[in-house]
Amino acid sequence: MPKLYIKTYGCQMNERDSEQVARMFVQKGYTMTDREDEADVILFNSCSIREQAEQKALGKMGLLAKQQRHRPHVVYGMMGCMAQSKKEELFKELPRLDLVVGTQKYHRVFEHVDGILRARQERRMDELQTAFSGTHVCDVAEEADSQNRIRDHLNPGVRSTAYVSIMQGCEMKCAYCIVPYTRGAERSRPIRDVVDEVKMLADAGVKEVTLLGQIVNRYGRQMETAGGKGGFVQLLEAVHEVEGIRRIRFVSPHPIGFRQDLVQAFTYLPKLCSHIHFPMQSGSDRILKMMRRPYRNETYLDLCSRMKQARPDLSITTDIIVGFPGETEEDYLLTRQAVEQVQFDNAFIFRYSPRRGTPAAVMENQIPEEVKEARNQDLLAVVNEIAIRKNRDLVGTVQEVLLEGPSKTNAARLSGRTSQNKPVMVDAAPDLAGEILPIRIEESTGFTLYGVPCPSRG
């Protein structure tokens, strides 16, 4: 029985896409493996958001191909955003590569791999030097309806959480971001199809779903409003009605299109988790304008305030870029000030990384790496201090925790998350995995909480 190995880089959307690909192969008789040296097909799902992610994927794929020269039958494929961006160029960088598949062609991966294998068998390519030739496939063309092809799941009955892709594409075109060029225009799935997928997951035992989109709150912009509610809130309400689903999350929204109906949803949809990941990117209006993010920081801060009024226990996490071209010390200090004002529960802080083909890559006044690093470390210290204090304040409280499964670092413990997306390690029996239980928080080690189940009553 042939074996498939998939390595995924980047965001939750990539993880979901990889799962769809894996499901297709398993349906055709493949088994999954976590060992590259026993795989017959090796696929990487790549990320282009930063250069480091691209270099990791390129380096790893090149190393694997060299290490396995004695296994000429293995098919090597690159999928995802880097595949979409670099296209045939990847065959020059990775001579052993067989397949390049773009972001709208995940549903074609199996047929391409199968075609490559059949071609090799027909030609009886037994010699190492000829086994690599004539099998290159590059499929990066746009395909209508591709957003509706990411709908199948791999073994949904063995876990309590799942990602659900509700749309693809992005049309905001921030100056630093390659995603609009790799993911295409915005395309939304019908509400009915999303709800059917969520029902299937609930029937399999899933209790928490995370709705995915490049800018998730722009879902269904072409839909008619109903009672003053846009398409995304209509979808949230429909998913909320699915029996068996206990928690709903969504990532990632954008201040543009973040309507009051979405703020209000936090007041009447109890399954909506008390957490939002809400990218700020900069606290400077001047830098936001240069980034082509068409809002003022005041708008962002006001949205944070209104969301916390709607859901007082809401935790807010964010993304921030430091060292964007032209960022002055004053601009950076405005970002630092905004972080202190919002009191984020956590933040991903990135040093600006030029991406080929984006407007920011050719802007003047590129910031020296040592300045980027200094600002990164300074802001990280501010964020960490806030996050550690907030977690410490939870010691002694009782939190509802979804126990997701064994801890990766200690199999004797279960790991889970609160509604606020705080990771919790729990001393609990393995058969409690998948349950949502009240957990007394006994310790905080900074970013991780530790607790025990509360005694059952009666």
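Cβ from N, Cα, C; glycine included.
Lifted from Swiss-Prot, the feature list:
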type	residues	note
DOMAIN	2-118	domain 'MTTase N-terminal'
BINDING	Cys11, Cys47, Cys81	[4Fe-4S] cluster 1 binding site
DOMAIN	156-389	domain 'Radical SAM core'
BINDING	Cys170, Cys174, Cys177	[4Fe-4S] cluster 2 binding site
DOMAIN	392-455	domain 'TRAM'
Requested in this report: Could you name the residues, excluding Cys11, Cys47, Cys81, of the same chain that surround the [4Fe-4S] cluster 1 site, i.e. Cβ within 8 Å of the Cβ centre of those residues, in sequence order?
Outcome: Tyr9, Gly10, Met13, Asn14, Asn45, Ser46, Ser48, Ile49, Ala53, Gly80, Met82, Val179, Thr182
Requested in this report: Find the shortest Cα-Cα separation between Cys47 ([4Fe-4S] cluster 1 binding site) and the binding-site residues Cys170, Cys174, Cys177, and name the residue that gives it.
Outcome: Cys177
Requested in this report: Round to a whole number and give the Cα-to-Cα distance in Å for the pair Cys174 ([4Fe-4S] cluster 2 binding site) and Cys11 ([4Fe-4S] cluster 1 binding site).
Outcome: 18
**Report entry** binding-site residues (Cys11, Cys81), the one with most neighbouring Cβ atoms at 10 Å
**Finding:** Cys81
Query raised in the report: With DSSP helix as H/G/I and strand as E/B, how many residues of the domain 'TRAM' (392-455) fall in helix, strand and coil?
Result: 4 helix, 32 strand, 28 coil
Query raised in the report: Which whole-number mean pLDDT does the model give the domain 'TRAM' (392-455)?
Result: 95
Report summary line: If you measure between the CA atoms of Cys11 ([4Fe-4S] cluster 1 binding site) and Cys177 ([4Fe-4S] cluster 2 binding site) and round to the nearest Å, you get 14
Query raised in the report: Near Cys170 ([4Fe-4S] cluster 2 binding site), which residues of its chain come within a Cβ-Cβ distance under 8 Å, counting only those 6 or more away in sequence?
Result: Cys177, Val179, Pro180, Arg183, Glu186, Gln214, Ile215
Query raised in the report: Once Cys170, Cys174, Cys177 are set aside, which residues in the chain still have Cβ within 8 Å of the Cβ centroid of the [4Fe-4S] cluster 2 site?
Result: Met172, Lys173, Tyr176, Ile178, Val179, Pro180, Gln214
